[in-house]
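Taken verbatim from TrEMBL:
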type: DOMAIN; residues: B:172-436; note: domain 'FAD/NAD(P)-binding'
type: DOMAIN; residues: B:517-597; note: domain 'SoxA A3'
type: DOMAIN; residues: B:614-885; note: domain 'GCVT N-terminal'
type: DOMAIN; residues: B:905-990; note: domain 'Aminomethyltransferase C-terminal'
Amino acid sequence: MADIAHATRTEALAGRAGGAAGVTLTPARPANRVSLRAGSGEAKSLSDALGHELPLSPKTSVSNGKGRIAAWLGPDEWLIIDETGDPLEELGKAEVLHSAVDVSHRNTAILVSGTGARATLECGCPQNLSDRVFPVGSATRTVMGKIEVVILRTGENDYRVECWRSFSDYSFALLSEAAKDCLA
Amino acid sequence: MSGANRIKGKGRLTPARTVRFSFDNQVLTAVEGDTLASALLANGVHLTGRSFKYHRPRGMLSAGPEEPNALMDVGRDAVRRTPNIRATVQEVYDGMRARSQNRWPSLAFDVGGLNNLASPFFAAGFYYKTFMWPKAAWKKIYEPVIRAAAGLGVAPTEPDPDHYANHFAHCDVLVIGGGAAGLSAALAAAHAGAEVILCDEQAETGGAFHHETDAKVDGRPGWEWAQAVTAELRAMDNVRVLTRTTAFGYQAQNHVGLVERVTEHLANPDPSLPRERLWQVRAKRVVIATGAIERHMVFANNDRPGIMLASAARTYLNHFGVAVGAKVGVYTACDSAWNAAFDLKQAGVSVPAIVDVRPDPDPELVARAKELGIEVFAGQAVLDTSGKLRVKSMKVGKSSGGSTRDISIDALIMSAGWTPSVHMYSQSRGKVVWDEASQRFLPGRNVQDCVSVGACNGVDDLREAVADAAKAGHDAAIAAGISAGAAWTAPEAETGTSWAGSMMGSAAGAGTNTTVKAFVDFQNDVTAKDIRLAVREGMHSIEHVKRFTTNGMATDQGKTSNIHGLAIAAEMLDKPLPQVGLTTFRSPYTPVTFGAIVNHSRGDLFDPTRRTPMHGWEEAHGAVFEDVGQWKRAWYYPRAGEDMHEAVNRECRTVREVAGMFDASTLGKIEVVGPDAARFLNLMYTNGWDKLQPGRCKYGIMLREDGFIYDDGVVGRLAEDRFHVTTTTGGAPRVMHHMEDYLQTEFPDLKVWLTSTTEQWAVIAVQGPKAREIIAPLVEGIDLSNDAMPHMSVREGKICGVPTRLFRMSFTGEAGYEVNVPADYGEAVWKALWERAEPLGACAYGTETMHVLRAEKGYIIVGQDTDGTVTPDDAGLNWAVARKKSDFVGIRGMKRPDLVASGRKQLVGLTTKDPNIVLEEGAQIVADPNQTVPMKMIGHVTSAYWSENCGRSIAMGLVIDGRSINGKTLYVPMPDKTIEVEVTDTVFVDKEGVRLNG
């Protein structure tokens, strides 16, 4: 059985590119993702296990600048995204009560960048994404058109839109459509 | 020259910029910035359409969104055309095609005009009384004929080639209306530092300054000031100015819908631009500055082309440079019409008479009229008019009788005063209050975080309106949480026109004569006598009067007619007007296109289409897909020359003889994790989970509280504290919510968490005698032998070098596996498995084969063999209900007397006497086919297929006490024959279940 070829990965949005004047849409690189559930009292220990601080304020995220982001999704829920390391393995060492579930392949993400990025998202997201309410580092689980997404603001004009794999077609198409009117 | 009635030096348009458009195939010239209405008037065209019911000739009444008459079919080509466009709002562009509506064969000669002669027959409420009998005639004659005769435009038949956009926007202060008040409010809020959105429905801001040229703000003419302020606002980072944008709906929590017309005024719009944009604004504070709408006078034959609102005539003159006639009569109860007359006269138009119903109008106005040589008829009325396609004369006299004078005119302008536009306020759920002093309805208490300013709030004086609005704008910013702000003073205005004077209801000329047509609601052809008739017929509430007469129910929502209708009803009822009440204003303020409402959600974006990771392979291998919720699932894989039945028969045979591969990725999956996971599942399922060992699986049934089956699926225990739950495809989201709901509300003390993993795992079912042989060489780290991994077990290991959760389970009755791999590996692993399967003679199979194979084994499908009224016992699944458990969702429901009584429908097998007949799913079952109709139905067929493996048809059904009549013959009456069936058990293949363990 030594000659079993390693199955290759086919990403949902492989080869897609989109955007319009003012905004680019790029499928994000594959990443390890963990849906982490635990009481907020356990956050400290879990942060220690991860070597990464879990945010405790609503609608915030913590990034280590090296491809790992932990986003607050609820009082007992975080989404951890890591482009290099494996947070699931690190959480395995934590001894406090928690649930860590691998959702690396459940989600896929679209990077929305440019001066028209916010307006592009506002085509389908009813939340207030203004600087005052949704500054860089903000994260929210919300609605985009007819689907659920998690939006992370990773830079002044940069957003990451996480959605479930089978909704990525819709998400990419909707954002592409919205991009056309992002300078309105 | 863009029209003979254009007055040189008047108006604000640039005469050199001409555009050409067509009206009823006649090519005309207009000036850029014209509305269709102003362009037609410039060309001397007053006749623009036929009325709804009587087909009477009609022309422009207004110069704004309240227009009831001049509705047209407007477009740029055959595909891009829209009916019922208000010519008074639509801007002209080069190449525009406009057509009149509701006329045949032509606008000037219309056969439907016979309705006018037959009008006694069409009195208010005629349709409630006239066409009562015979019933069948309604469908075939009355309704189609009436609809065709009394119609508006014709809907386009082609799909709309344009696209529409949606934007959600948030702001501190939304200002609705860009007149003097709105601009002052926006400016104050913006200077305070608030994020401001200002919208105005017209092409340019300025509101009443479109017609009122005698007012000043901050020392400048009003119009000039408005444009300067607008430019200042546009230049501010914290302000968005939206013109051509109508606020049409005021919803809860300051959610206001705006529609922006982006390209409808452009000859060659950039195709990347949306035709319209929907703005869904959530504002902390809303300032309503929607102004007021002038009312017409209600008198005999007040609807002839050429008769229009005084402010409209003044707008056409002062803004568009167009004279609405050469000899213009004036009929008014309000001061502002006098100013319109003065402007016309000074522009060189003949104004033979001003008729004012008030006995002693403002002496200053009278003096001015005399000075200009205009004859004044104070305390008199216009009693009637003449003219077929255009007004020719007016009859002036005292209502008390006496001599009358016919005055020759070619236009008649009128004003019965101004109605504050309380639509937005009313839509915000605010209740209007009757103001006795000014005799009008005004905004009362604010229900939402909003404020009304200016004319819509009954503040007529410009100076006061501007000062009030500026303060309101500033206060709104502060209330929205803006603390700082530069020192700033409100604009100072000098009042120009007086807006005083008003009358409601019918003037003298409307008479009490029942043959006189004095129109109240032009668009719906409602006259004063119709409203009187409604009251006589017993309609005493304005809501009833409205529905009986259709007053105010047209697309203009009675912007000009509501108050008149109310006043006439009040007079008839001899009640004070506020006691009769005002109808509620509803969204939309003006008609909104479906395109704007739907915006992005059309075509592929109408609803998400979900595809599995293996979709591409399936498509390439000829799969036919079926829609299962939002999912596309491979239905069957026809080979060349095969129809569906042949393909399914082959697939069914192949799975039992060799093996088959099936994409089960869409099954719902929930990871249940925590020390109380088993306790939680004990509560959610009928089964017991304590004794399930890690590495083993169990089929579980989930009930609702009422004891009926809600969902089912196989649950694998991965560890003491970790379960992999599967649900039906369609049930995935609701089962997750159902479980989360109970966890949070009923069992919050349990230490367990739920995570949806439906899309984490691609699932490949490999089923059949050769299933193990197919997967074995690709699997690492799992002993696949029967002893080590028996039926209903789960292992974690690797396949094709990637992690897998490998289930040994079966929905076919064959030995089989469900290979779960991370979704992005699904396609590659499927291909690797297919490379093994195909040479062995296995096939790929779809959902249809899956359905047949499971029915051969009597496995139910929730939602097909159950319908929300089936208990576990009904379905023959009592074995899956743990008797020892003291609690689970549905345990009390299951004990309800009606659920434990005999006589319930039970799931049984059904075999037709003729093995070649396949029953119809849903067909009813009877015990005695010779009963008289209606027969007693004792059950129905839930599943029925041709079973290639059995060489005959098979079926399942729910039959009253079905299990106790095994072997009995029942009947399925169909339209063409009655089918004999025998009641059997539900397992048709491998009754002992030995193949599962093969």
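Yeah, the Cβs are placed from backbone N, Cα and C, and that goes for glycine too.
In the predicted model, the domain 'FAD/NAD(P)-binding' (B:172-436) shows an average pLDDT of 97. Of the two recorded stretches, the domain 'SoxA A3' (B:517-597) lies close to the domain 'FAD/NAD(P)-binding' (B:172-436), with three or more CB pairs under 8 Å once pairs fewer than 6 apart in sequence are set aside.
DSSP assignment over the domain 'SoxA A3' (B:517-597) gives 37 helix, 5 strand, 39 coil.
Taking H, G and I as helix, E and B as strand and the rest as coil, DSSP gives the domain 'Aminomethyltransferase C-terminal' (B:905-990) the counts 4 helix, 41 strand, 41 coil.
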